[in-house]
Every structure is written in C-alpha cells, then in structure tokens.
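Database features (TrEMBL):
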type	residues	note
DOMAIN	36-496	domain 'Major facilitator superfamily (MFS) profile'
REGION	264-284	region 'Disordered'
TRANSMEM	27-45	transmembrane segment
TRANSMEM	121-143	transmembrane segment
TRANSMEM	149-177	transmembrane segment
TRANSMEM	189-208	transmembrane segment
TRANSMEM	214-236	transmembrane segment
TRANSMEM	303-324	transmembrane segment
TRANSMEM	344-365	transmembrane segment
TRANSMEM	372-392	transmembrane segment
TRANSMEM	398-418	transmembrane segment
TRANSMEM	438-460	transmembrane segment
TRANSMEM	472-491	transmembrane segment
Amino acid sequence: MQSNSKSLSLAPALNLFPGLKPPHKTLLFHQICVLVITFLAYASFHASRKPPSIVKSVLGPTLPTNLTQLQLNSTVDLGWPPFNGTQGTHRLGEVDLAFLTSYSIGMYLAGHVGDRIDLRLFLVFGMMGSGLFTILFGLGYWLDVHVLGYFVCVQIVCGVFQSIGWPCVVAVVGNWLGESKRGLIMGIWNSHTSVGNIIGSVIASGVLEFGWGWSFVVPGLVIILVGVLVFLFLVVNPEDMGFMHPGMDVEMSVETDSAEDLGKVESKEEEEETKLIDPPDNSISDSSSSAIGFLEAWKIPGVAPFAFCLFFSKLVAYTFLYWLPFYIRHTAVAGVILSHKTAGLLSTIFDIGGVLGGITAGFISDMIEARAVTSILFLFLSIPALLLYRVFGSISMFTNITLMFLSGFLVNGPYSLITTAVSADLGSQSLNGGNSRALATVTAIIDGTGSVGAALGPLLAGYISTRGWNSVFFMLVLSIFFAGLFLIRLARTEIRDKFSGK
C-alpha cells in the first residue's frame, strides 16, 4: 500500500475542526503538534514499561542476609511467590527476558509492517494492546496469581504490542522534520524515554502502598488514554495536510540561482501544493514511495555498526531501567536501607540525567557533525562514571544522587542519539534515493538489534547479582567497551572527512 492512500484516513479531529488545517495553520504549527503528540505517545509507552522495576523489591526475595537485624528492623519483605525464594531474582530476570525478547523480535516485524500500513492506526493498536496487558499483569495481585507462566505469557504479548511504538513514532517524526539540527531537535524529543521512565516511576511508587497491582493498572490506563489522543490528532505525513516534505523545499532552494528560476520554482511549488491538497490518486506510485526491503536496509552503510553498538549500549541502559530501584533498595546509602517508595523515586535521578544527556549528545553531534565520534565520547566517559557510582555511591545521599545523575547523563546520551538522529539519518539518506519509507525499517533494525541486548542485560543481572553487584557492574563496563569498539571505524571516517574538508 502506497503512502498516497494513507492520506485518505486523516486524523478524525482534523475533520471535526477544519480550523486546524491549512491555510489556517502553518507547517511549523503541525510540526510542533507532531513532536508533542509523538512525545506523549512514547513517554506513555515507557511509563507503562517501568512498573516491573519498581515492584521488583516487593515481589522479590528478602534483603541480603549480611545486613544486621537492627538495619533490617521491620523492613523484611515476604515477597510474592514465585518470586520470593532463593531463585527469586532469577525468576524476575526471566520475566524481563520474556518481555524484552518478544519486544526485540516484534521490533523487526513492526518496522516492516509500519512501512506498509497506516502508521497512526498501527501506533494506536500498539498503545491499546500495551495498556491492556500492563493492566492484566497488575490484575495478578487481586486474582492472587502465583503461577510464573501467567506473568511470562502476559509479558510476552505485552512486549509484542510495545514493539510497535518506536518504529512508528520515529518514522512519523522523520516524515515531518528536515535534516537541519536533527540531532538537537531529536535529542530534546527523545527525552520522552527518560520522561516516561520518570512518570512511570513516580506513578508506580506513589500507588505501591495500596498494593503492587495498582503500579501496573494506573500506567496501563494512562497509555490507553494517550492512545485516544493519538487516534484523534496525529497526522502521519505532511503531504496529508497539503504540505511539501521539508527536505523538498531545501532541494528546490539550492537549485534556484536566478530570479527567473525562482519564479519557475514558486510556480511549480504552488502547482504541486494544489495537487497535494486534492485527494490523491491511489494508482500513482513511484520508487521513492515504495518500502525498502529488510536485507537492503541492513546493507545501508552505517546501519550494522550502529545496530551492534546499540546492542551493548541498550543492554546497559535497560539493566538500569529494570534493576536500579532493586539495587538501591538492597544497597545501604550512608548506612540506611531505603524504603520501596524512596528507592523508586530516587531511581528517577538516573533518568533526569538521561534527559540532559540525550539533549547534549544531540547538540554536540550537530555542532561537530559527527554522530559516531559523539557516541564514542559519551560511551568511554561513562565507564569511569559507573565505577565511581558503584564504589562511592553508598557514602552519602549527595554522592549517590550526583554519581547516579552523571551515569544517566553519559549512558543515555549515545543511546538517545543512535535511536533517534542516527536512525533518521540512515533511514532517509541519499543512498535510499530520499526514500523516507525506509525510516521505520531502518529504525526497527537498529532498535530491534539493541533490544536483543536489552533483553539479555536484565536477565544476566538477575543471575549475576546473586554473586554480588560488583560482577553486575563489571558486565556493564565490559558492554560499554564493546559498544564503543563497533563505532571506531565510523569515527575514524568522520574525523578523516573533517580534516580532508569533505
């Protein structure tokens, strides 16, 4: 199905409120609307993904036995079978694996499908399914479910629905934005990941005292409500509203060297805009609107190195996403064991650092025009940051917050940059003939590969943590090192091109 046919299914709210259409509203207005709507959409995805990490310390085994009874006081937790035994952390890691494995597999399929059907409806479908199965996980509390298979099956299906979100929102944003300052704009936009984590942490921690089931039900309802907003207002392509693609304007302006040429182009733009506003002919198709194949997308230069870099980078990021509250809860800060709620809220510091890290990485990559160099800089600086957090994070609350913020800043910087600006660059580069319909496929390949690492990280943490947290941090540092190695060749090429004046 070609993109021309998609414009026939315009967002319902725009038909109800004609004042939102051109010429009443400008291209800039709609670009901002798309950024806001997709921001809220993916923030809600991450908010509904956060509860498992918050409730781990409630579901899981009791605190470490090397703490004194005085320290424990009345904070000993009975846990929730089947997660409360000696193998509790293993079971929790297996539930994470179930979700993230189906998520990573679904990511490849979602990108392939997303390039071929209405992205708005596909995105809404993913949001509704994610909300429903997040709620079903929480219902295990009231239904008194203690069967591991129930939680695993719910997370498997939920992971498939969640995988729909990312390829869709990146493809939609890529359709509406040109390449100018893409790193900075998408760095700001990609803060939805950390903002969603923060919202999910605050909500899940806030209602945890009423029963851990509420920590799933409330975020599940939130993503369903945001899904209704997306269904009503999201416009997938600027052409659907009668606007030309942002990149087309740039190309035309370069070709106009005289007043006569400019007049011709303006006339051509008016004629083209009139055609775009008219209902499209479904029979029209060209090579630029056809979806790129999965194997073809892998062959695009830069896709494989960034995909494997994200494998290790996302392994680290998702280990923190799923285990940081549990780690804080089981590690005394200044000799004090923190409550479930405090540990959950404190973990948001990592995500606050991630917001600023993603924005900073995007700004730097735009300024020096080198995505790989920027990513390597952040990756290698994050190694000492993680080691410092592990060694000195328990000294005081101040050092814990400071080092956690720094770790989030450096870990999420390249993760944010690769999943947004890099994916959009590679998905719409000139090698594709300007084919924007490669966006969802390329995004799915890069983030899908990263999601395989995201699946392994929390699982390994669940098993390795029984041997001590030093082993977990060693795994994280080693993963970051490998992530940087995959970008060295691309970084050398970027530096060589800079010095050669390309």
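Positions of Cβ are set from backbone N, Cα and C atoms, glycine also.
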Give the one range among 27-45, 344-365, 398-418 whose Cβ atoms make the most pairs under 8 Å with those of the transmembrane segment (303-324).
398-418
Local confidence of the domain 'Major facilitator superfamily (MFS) profile' (36-496) - pLDDT mean:
82
Range from 189-208, 214-236, 398-418 with the greatest count of C-beta pairs under 8 A to the transmembrane segment (27-45):
214-236
Checking 121-143, 214-236, 344-365, 372-392, 398-418 against the transmembrane segment (472-491) for Cβ pairs under 8 Å, the most are found for 372-392
Within the same chain, the residues 6 or more beyond the ends of the transmembrane segment (398-418) and with Cβ under 8 Å of it are 183, 187, 190-191, 193-194, 306, 309-310, 313-314, 316-317, 320, 333, 346-347, 349-358, 360-362, 365, 371, 374-376, 378-379, 381-382, 385-386, 388-389, 392, 446, 450, 480, 483
Which one of these stretches, 121-143, 214-236, 344-365, 372-392, 438-460, has the most C-beta pairs shorter than 8 Å to the transmembrane segment (189-208)?
344-365
When each of 214-236, 344-365, 438-460 is checked against the transmembrane segment (372-392) for Cβ pairs under 8 Å, which one has the most?
344-365
Outside the transmembrane segment (214-236), six or more residues from its ends: residues with CB under 8 Å to it:
6, 10-14, 30, 33-34, 37-38, 40-41, 44-45, 47-48, 50-51, 54-55, 118-121, 123-124, 127-128, 130-135, 137-139, 141, 172, 175, 199-200, 203-205, 207-208
